[in-house]
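Notes for the one structure printed next.
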(Lines of atoms letter the chains of each structure in order from A and count residues from 1; the text may use other names and numbers.)
(Lines give C-alpha, C1' and ligand atoms only; values in the text may rest on other atoms or scores of the structure.)
Protein backbone atom coordinates (compact mmCIF):
# COMPACT_ATOMS: atom_id res chain seq x y z
CA UNK A 1 0.00 0.00 0.00
CA UNK A 2 1.26 3.49 -0.82
CA UNK A 3 1.61 6.38 1.57
CA UNK A 4 -0.05 9.78 1.26
CA UNK A 5 1.04 13.08 2.68
CA UNK A 6 -0.98 16.28 2.44
CA UNK A 7 1.03 19.45 1.91
CA UNK A 8 -1.91 21.84 2.05
CA UNK A 9 0.01 25.13 2.00
CA UNK A 10 1.37 24.36 -1.47
CA UNK A 11 -1.81 22.69 -2.77
CA UNK A 12 0.04 19.46 -3.39
CA UNK A 13 -0.15 15.87 -2.20
CA UNK A 14 2.51 13.20 -2.24
CA UNK A 15 1.56 9.66 -3.22
CA UNK A 16 4.19 6.94 -3.45
CA UNK A 17 6.96 9.58 -3.21
CA UNK A 18 5.58 11.52 -6.18
CA UNK A 19 4.14 15.01 -5.87
CA UNK A 20 0.79 15.94 -7.43
CA UNK A 21 -0.58 19.47 -7.75
CA UNK A 22 -4.28 20.06 -7.10
CA UNK A 23 -5.91 21.72 -10.14
CA UNK A 24 -9.68 21.64 -9.57
CA UNK A 25 -12.59 19.55 -8.36
CA UNK A 26 -14.13 17.26 -10.97
CA UNK A 27 -17.12 15.95 -9.05
CA UNK A 28 -18.44 14.31 -5.93
CA UNK A 29 -20.76 11.51 -4.88
CA UNK A 30 -22.29 10.47 -1.58
CA UNK A 31 -19.03 9.60 0.17
CA UNK A 32 -16.41 10.34 -2.45
CA UNK A 33 -14.77 13.26 -4.22
CA UNK A 34 -12.83 13.38 -7.47
CA UNK A 35 -10.13 16.02 -8.04
CA UNK A 36 -8.04 16.82 -11.08
CA UNK A 37 -4.35 16.74 -10.19
CA UNK A 38 -1.14 17.15 -12.18
CA UNK A 39 1.88 14.94 -11.67
CA UNK A 40 4.81 17.28 -11.12
CA UNK A 41 7.20 14.45 -12.05
CA UNK A 42 5.69 13.86 -15.50
CA UNK A 43 3.31 16.75 -16.31
CA UNK A 44 0.39 14.35 -16.84
CA UNK A 45 -3.11 14.91 -15.49
CA UNK A 46 -4.76 12.38 -13.18
CA UNK A 47 -8.10 11.94 -11.43
CA UNK A 48 -7.72 11.53 -7.67
CA UNK A 49 -10.73 9.73 -6.19
CA UNK A 50 -10.99 10.26 -2.43
CA UNK A 51 -13.38 7.93 -0.59
CA UNK A 52 -14.46 8.91 2.92
CA UNK A 53 -14.17 5.86 5.19
CA UNK A 54 -16.25 6.16 8.35
CA UNK A 55 -15.95 2.51 9.38
CA UNK A 56 -13.67 -0.45 8.91
CA UNK A 57 -16.10 -1.84 6.33
CA UNK A 58 -15.68 1.34 4.25
CA UNK A 59 -11.90 0.89 4.26
CA UNK A 60 -12.26 -2.75 3.24
CA UNK A 61 -14.58 -1.83 0.37
CA UNK A 62 -12.18 0.86 -0.86
CA UNK A 63 -9.31 -1.61 -0.69
CA UNK A 64 -11.43 -4.09 -2.63
CA UNK A 65 -12.14 -1.51 -5.33
CA UNK A 66 -8.39 -0.93 -5.67
CA UNK A 67 -7.82 -4.70 -5.80
CA UNK A 68 -10.40 -5.02 -8.60
CA UNK A 69 -8.52 -2.45 -10.69
CA UNK A 70 -5.24 -4.30 -10.13
CA UNK A 71 -6.72 -7.52 -11.53
CA UNK A 72 -6.75 -6.11 -15.02
CA UNK A 73 -4.35 -4.81 -17.63
CA UNK A 74 -6.83 -4.22 -20.41
CA UNK A 75 -7.33 -1.29 -22.82
CA UNK A 76 -11.07 -1.19 -22.06
CA UNK A 77 -10.79 -1.23 -18.25
CA UNK A 78 -9.58 1.76 -16.23
CA UNK A 79 -6.15 1.13 -14.72
CA UNK A 80 -5.11 2.12 -11.21
CA UNK A 81 -2.02 4.34 -11.01
CA UNK A 82 -1.68 4.27 -7.21
CA UNK A 83 -3.66 3.57 -4.05
CA UNK A 84 -3.18 4.67 -0.47
CA UNK A 85 -5.04 5.13 2.80
CA UNK A 86 -4.76 8.54 4.43
CA UNK A 87 -5.37 8.93 8.15
CA UNK A 88 -6.12 12.11 10.05
CA UNK A 89 -7.06 11.28 13.62
CA UNK A 90 -10.17 9.11 13.57
CA UNK A 91 -10.92 10.02 9.96
CA UNK A 92 -9.72 7.93 7.05
CA UNK A 93 -9.72 8.59 3.33
CA UNK A 94 -8.91 6.01 0.68
CA UNK A 95 -7.22 7.57 -2.33
CA UNK A 96 -7.34 6.02 -5.80
CA UNK A 97 -5.13 7.75 -8.36
CA UNK A 98 -6.53 7.12 -11.83
CA UNK A 99 -5.81 8.31 -15.38
CA UNK A 100 -7.71 11.45 -16.40
CA UNK A 101 -9.89 11.28 -19.51
CA UNK A 102 -10.46 14.78 -20.87
CA UNK A 103 -13.28 13.63 -23.15
CA UNK A 104 -15.34 12.54 -20.17
CA UNK A 105 -17.90 9.75 -20.29
CA UNK A 106 -20.06 8.11 -22.91
CA UNK A 107 -23.03 9.89 -21.35
CA UNK A 108 -21.30 13.26 -21.87
CA UNK A 109 -20.96 12.38 -25.57
CA UNK A 110 -24.59 11.24 -25.87
CA UNK A 111 -25.77 14.48 -24.22
CA UNK A 112 -23.48 16.63 -26.39
CA UNK A 113 -24.90 15.10 -29.55
CA UNK A 114 -28.49 15.24 -28.29
CA UNK A 115 -28.13 18.97 -27.60
CA UNK A 116 -27.42 19.38 -31.33
CA UNK A 117 -30.27 17.09 -32.35
CA UNK A 118 -27.85 14.32 -33.33
CA UNK A 119 -27.14 10.72 -32.36
CA UNK A 120 -24.23 8.32 -32.60
CA UNK A 121 -24.07 6.61 -36.00
CA UNK A 122 -24.51 2.85 -36.19
CA UNK A 123 -20.82 2.40 -37.06
CA UNK A 124 -19.84 4.40 -33.98
CA UNK A 125 -22.27 2.41 -31.82
CA UNK A 126 -20.91 -0.92 -33.06
CA UNK A 127 -17.31 0.13 -32.42
CA UNK A 128 -18.11 1.38 -28.91
CA UNK A 129 -20.16 -1.73 -28.17
CA UNK A 130 -17.28 -3.96 -29.25
CA UNK A 131 -14.89 -2.24 -26.82
CA UNK A 132 -17.38 -2.36 -23.95
CA UNK A 133 -17.99 -6.06 -24.59
CA UNK A 134 -14.26 -6.78 -24.60
CA UNK A 135 -13.92 -5.05 -21.24
CA UNK A 136 -16.82 -7.07 -19.83
CA UNK A 137 -15.37 -10.26 -21.32
CA UNK A 138 -12.15 -9.66 -19.36
CA UNK A 139 -14.08 -9.03 -16.13
CA UNK A 140 -16.26 -12.12 -16.58
CA UNK A 141 -13.24 -14.28 -17.46
CA UNK A 142 -11.81 -13.49 -14.00
CA UNK A 143 -15.03 -14.72 -12.38
CA UNK A 144 -16.50 -11.29 -11.61
CA UNK A 145 -19.38 -9.11 -12.81
CA UNK A 146 -19.36 -5.30 -13.00
CA UNK A 147 -22.95 -4.89 -11.65
CA UNK A 148 -23.18 -1.12 -12.32
CA UNK A 149 -22.62 -0.68 -16.04
CA UNK A 150 -24.11 2.58 -17.37
CA UNK A 151 -23.05 5.39 -19.74
CA UNK A 152 -21.68 7.52 -16.88
CA UNK A 153 -19.37 4.62 -15.92
CA UNK A 154 -17.82 4.38 -19.39
CA UNK A 155 -15.01 6.82 -20.14
CA UNK A 156 -13.89 7.78 -23.64
CA UNK A 157 -10.21 7.78 -24.53
CA UNK A 158 -8.47 10.19 -26.90
CA UNK A 159 -9.46 8.06 -29.89
CA UNK A 160 -12.99 7.58 -28.56
CA UNK A 161 -12.32 4.07 -27.24
CA UNK A 162 -14.58 3.03 -24.31
CA UNK A 163 -12.98 2.37 -20.91
CA UNK A 164 -14.99 0.81 -18.07
CA UNK A 165 -14.68 2.58 -14.73
CA UNK A 166 -16.13 2.51 -11.19
CA UNK A 167 -15.33 -1.07 -10.19
CA UNK A 168 -16.63 -0.57 -6.65
CA UNK A 169 -19.78 -2.63 -7.23
CA UNK A 170 -17.97 -5.61 -8.73
CA UNK A 171 -18.56 -8.97 -7.08
CA UNK A 172 -18.41 -12.64 -7.95
CA UNK A 173 -20.10 -13.42 -11.25
CA UNK A 174 -22.07 -16.46 -10.13
CA UNK A 175 -24.06 -16.17 -6.91
CA UNK A 176 -25.98 -19.20 -5.64
CA UNK A 177 -28.91 -17.93 -3.58
CA UNK A 178 -30.06 -20.46 -1.01
CA UNK A 179 -32.88 -19.20 1.15
CA UNK A 180 -35.00 -16.09 1.60
CA UNK A 181 -32.53 -14.35 3.93
CA UNK A 182 -29.71 -14.50 1.39
CA UNK A 183 -32.13 -13.42 -1.35
CA UNK A 184 -33.18 -10.35 0.62
CA UNK A 185 -29.57 -9.49 1.47
CA UNK A 186 -28.62 -9.59 -2.23
CA UNK A 187 -31.71 -7.60 -3.19
CA UNK A 188 -30.85 -4.90 -0.64
CA UNK A 189 -27.24 -4.84 -1.84
CA UNK A 190 -28.39 -4.38 -5.45
CA UNK A 191 -30.72 -1.56 -4.40
CA UNK A 192 -27.70 0.29 -2.99
CA UNK A 193 -25.04 -0.57 -5.57
CA UNK A 194 -26.77 -1.10 -8.93
CA UNK A 195 -28.30 1.99 -10.59
CA UNK A 196 -32.06 1.45 -10.73
CA UNK A 197 -32.69 2.32 -14.40
CA UNK A 198 -29.88 -0.03 -15.54
CA UNK A 199 -30.55 -2.83 -13.03
CA UNK A 200 -31.46 -6.30 -14.32
CA UNK A 201 -34.98 -7.63 -13.56
CA UNK A 202 -33.68 -10.55 -11.49
CA UNK A 203 -32.08 -8.13 -9.00
CA UNK A 204 -35.34 -6.32 -8.19
CA UNK A 205 -37.00 -9.37 -6.69
CA UNK A 206 -34.38 -12.02 -5.95
CA UNK A 207 -35.85 -15.51 -5.68
CA UNK A 208 -35.08 -17.55 -2.56
CA UNK A 209 -33.50 -20.37 -4.59
CA UNK A 210 -31.80 -19.19 -7.76
CA UNK A 211 -28.51 -18.40 -9.44
CA UNK A 212 -27.62 -14.81 -10.28
CA UNK A 213 -24.83 -14.66 -12.83
CA UNK A 214 -22.84 -12.21 -14.95
CA UNK A 215 -25.73 -11.75 -17.37
CA UNK A 216 -26.97 -8.92 -15.15
CA UNK A 217 -24.21 -7.02 -17.00
CA UNK A 218 -25.70 -8.03 -20.36
CA UNK A 219 -29.03 -6.44 -19.39
CA UNK A 220 -27.21 -3.26 -18.33
CA UNK A 221 -25.26 -3.40 -21.61
CA UNK A 222 -28.58 -3.50 -23.45
CA UNK A 223 -29.67 -0.36 -21.59
CA UNK A 224 -26.37 1.30 -22.58
CA UNK A 225 -26.90 0.27 -26.21
CA UNK A 226 -30.43 1.71 -26.11
CA UNK A 227 -29.03 4.99 -24.73
CA UNK A 228 -26.48 5.12 -27.57
CA UNK A 229 -29.25 4.52 -30.11
CA UNK A 230 -31.93 6.85 -28.73
CA UNK A 231 -30.18 9.38 -26.49
CA UNK A 232 -31.59 8.11 -23.18
CA UNK A 233 -31.83 4.83 -21.28
CA UNK A 234 -34.98 2.72 -21.80
CA UNK A 235 -36.14 3.25 -18.21
CA UNK A 236 -34.80 6.75 -17.52
CA UNK A 237 -38.20 8.38 -18.08
CA UNK A 238 -39.98 5.70 -16.04
CA UNK A 239 -37.76 6.56 -13.09
CA UNK A 240 -38.00 10.32 -13.64
CA UNK A 241 -41.80 10.16 -13.71
CA UNK A 242 -41.78 8.29 -10.41
CA UNK A 243 -43.25 5.14 -11.95
CA UNK A 244 -42.09 1.64 -11.00
CA UNK A 245 -38.94 0.54 -12.81
CA UNK A 246 -39.24 -2.84 -11.07
CA UNK A 247 -42.60 -3.34 -12.78
CA UNK A 248 -41.51 -1.94 -16.14
CA UNK A 249 -38.53 -4.30 -16.52
CA UNK A 250 -40.75 -7.38 -16.15
CA UNK A 251 -42.14 -6.80 -19.66
CA UNK A 252 -40.20 -7.24 -22.88
CA UNK A 253 -38.90 -3.88 -24.06
CA UNK A 254 -40.59 -2.23 -27.03
CA UNK A 255 -37.86 -0.83 -29.29
CA UNK A 256 -38.79 2.31 -31.25
CA UNK A 257 -38.48 2.10 -35.04
CA UNK A 258 -35.78 4.27 -36.57
CA UNK A 259 -34.26 4.39 -40.06
CA UNK A 260 -30.87 5.02 -38.38
CA UNK A 261 -30.62 1.43 -37.16
CA UNK A 262 -30.32 -1.89 -38.98
CA UNK A 263 -32.47 -4.88 -38.11
CA UNK A 264 -29.29 -6.68 -36.95
CA UNK A 265 -28.62 -3.98 -34.34
CA UNK A 266 -32.23 -4.07 -33.17
CA UNK A 267 -32.06 -7.86 -32.85
CA UNK A 268 -28.86 -7.55 -30.84
CA UNK A 269 -30.54 -5.10 -28.46
CA UNK A 270 -33.62 -7.29 -28.19
CA UNK A 271 -31.52 -10.30 -27.14
CA UNK A 272 -29.72 -8.30 -24.43
CA UNK A 273 -33.04 -7.08 -23.02
CA UNK A 274 -34.44 -10.59 -22.54
CA UNK A 275 -36.27 -10.57 -19.20
CA UNK A 276 -35.48 -14.22 -18.39
CA UNK A 277 -31.76 -14.20 -17.48
CA UNK A 278 -31.37 -17.85 -18.50
CA UNK A 279 -32.40 -16.94 -22.06
CA UNK A 280 -30.14 -13.88 -22.16
CA UNK A 281 -26.89 -14.35 -24.13
CA UNK A 282 -23.43 -14.39 -22.57
CA UNK A 283 -20.80 -11.86 -23.66
CA UNK A 284 -18.77 -14.30 -25.87
CA UNK A 285 -21.86 -14.94 -28.05
CA UNK A 286 -22.54 -11.22 -28.31
CA UNK A 287 -18.90 -10.62 -29.25
CA UNK A 288 -19.06 -13.18 -32.05
CA UNK A 289 -22.27 -11.58 -33.36
CA UNK A 290 -20.70 -8.11 -33.15
CA UNK A 291 -17.57 -9.21 -34.95
CA UNK A 292 -19.74 -10.75 -37.67
CA UNK A 293 -21.31 -7.32 -38.21
CA UNK A 294 -17.74 -6.14 -38.94
CA UNK A 295 -17.72 -2.69 -37.35
CA UNK A 296 -14.98 -0.43 -38.74
CA UNK A 297 -11.56 -0.72 -37.15
CA UNK A 298 -10.41 1.94 -34.65
CA UNK A 299 -8.91 4.94 -36.38
CA UNK A 300 -11.17 4.89 -39.43
CA UNK A 301 -13.01 8.16 -39.87
CA UNK A 302 -16.46 6.60 -39.48
CA UNK A 303 -15.73 5.57 -35.89
CA UNK A 304 -14.43 8.90 -34.61
CA UNK A 305 -16.72 10.50 -32.07
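Note: Cβ is positioned from N, Cα and C throughout, glycine not excepted.
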### Query
For which of 12, 105, 185, 216 does Swiss-Prot record the feature phosphothreonine?
185
#### Entry: Further binder of ATP named by Swiss-Prot next to 26, 27, 28, 29, 30, 31, 32, 33, 34, taken from the candidates 49, 91
49
### Query
According to Swiss-Prot, which stretch among 129-165, 166-202 corresponds to the feature region 'Activation loop'?
166-202
### Summary
For the recorded positions 32, 197, the largest set of other C-beta atoms within 10 Å encircles the C-beta of 197
## Note on the structure
Expressed in angstrom and rounded to a whole number, the ATP site built from 26, 27, 28, 29, 30, 31, 32, 33, 34, 49 spans a maximum Cα-Cα distance of 14
### 26, 34, 197 screened against residue 185 (phosphothreonine), Cα within 10 Å - retained recorded positions
none
### Distance, residue 197 (phosphoserine) to residue 34 (ATP binding site) (CA atoms, angstrom)
24
### Query
residue 197 (phosphoserine): which of the binding-site residues 26, 28, 30, 32 is the nearest Cα neighbour?
30
